[in-house]
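Notes follow once the structure below has been shown.
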Protein chains: 2
Amino acid sequence: MAATSRGHRERIVYETAQHLRRSGVGGTGLRQVVADAGAPRGSLQHYFPGGKDQLVGEALDWAGTWAAQRVEEHVARMRRPTPARLFTAMTQDWARDLEARDHARGCPVAAAVVDCADTNPAVREAAASALETWRRPITAALVSMGRPRRRADALSTLMLCALEGAIVLARAQRDTAPLRLVARELAPVLDA
Amino acid sequence: MAATSRGHRERIVYETAQHLRRSGVGGTGLRQVVADAGAPRGSLQHYFPGGKDQLVGEALDWAGTWAAQRVEEHVARMRRPTPARLFTAMTQDWARDLEARDHARGCPVAAAVVDCADTNPAVREAAASALETWRRPITAALVSMGRPRRRADALSTLMLCALEGAIVLARAQRDTAPLRLVARELAPVLDA
DNA sequence: AACTCACTATGACAGTCGTCATAGTAGCGC
DNA sequence: GCGCTACTATGACGACTGTCATAGTGAGTT
């Protein structure tokens, strides 16, 4: 059935992303991924002939797209949008996720960068591309809030830096305080 | 000879930290570490009976202490110290390191968090402790610059968040621009 | 009916991993 | 000499890893 197999492929990509969030690239075993995805092992070489690199790449693509959608949802939902409010919404997303899952899962893109930036050019590029996919709607939103293009570009990068770092610190100390802190401290810069 | 073996032990710890920076915890093989350290393989079970966990833990300790020393060097060297100037010095350190090594090595603490926060409590705690070791002299410096204790605490956390995230983005896009950007954008908040 | 195609199943391969058991060496006190 | 201690050497173990070869299934087409 076409629908089922489509389901298998997508589930594998999704589950790969979740494993990346938990244990990084090196800690993610393909056999475990397909098992958790409820997919047959044979699907791996069928759908991902490029091997683990392809699979990780697609997982990062998926994650970037998902994050971008999330940004756009926030922007659409906000009545009086400001950059600081958007950033607060993003950090709240992450704080909630960390707390709900006992700080088990971080950002898959950061995991890929940390594990493969030096050893795996393909994965590194996929990570860079995912970050751009994520950053683009943020920049666009800031422009729509009246920021000049270049300013919006800088601020969206600043947001992602602070967010990624805060996730790392939060997971280390098992406390989402850093996420709330960066949202609070960056507000004046973002809304200036 | 006691001196040589001391040298072996220390070299192994150091080399472990460098491997963590490049490939994360999962990507760091102990055989390769001792080889690069020029140490005999037998030293592993002699000096680190606790296995890889102990070794990674000591590497994180070492890294935290090293980073803290570096902060204190910056503070001592600065004629007219301000929080923003300290942060700029830290980001410049990292930018130089990334450029000198072709963006090959990131932060070992971030690597440990990303790879093990969910699966290895001992390593997670070592990472959290290393971050505190790193943050402490920053906070102290900010206090000596006239910031109230609580404010200094918040600002030092903010610095580490922005720095860690900027390192990730910089390595992803192989460009140290994010490091310079966070230094520039955070300056008004830090020196306010 | 045969044939095609998308998908699944499974076993094997060579490699690496961390860990351990065991033995060996060198230096020092006595 | 002996024994003790610190350190080194090395091979093996079982448990993975990603990848591949090969065969099998089952629905759809002609």
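Just so you know, glycine gets a Cβ as well, placed from its N, Cα and C.
For B:83-184, the entry in TrEMBL reads domain 'Transcriptional regulator LmrA/YxaF-like C-terminal'.
When DSSP labels each residue, the domain 'Transcriptional regulator LmrA/YxaF-like C-terminal' (B:83-184) comes out as 84 helix, 0 strand, 18 coil, counted as helix, strand and coil in that order. Each residue in the domain 'Transcriptional regulator LmrA/YxaF-like C-terminal' (B:83-184) has a pLDDT score, and their mean in this model is 98.
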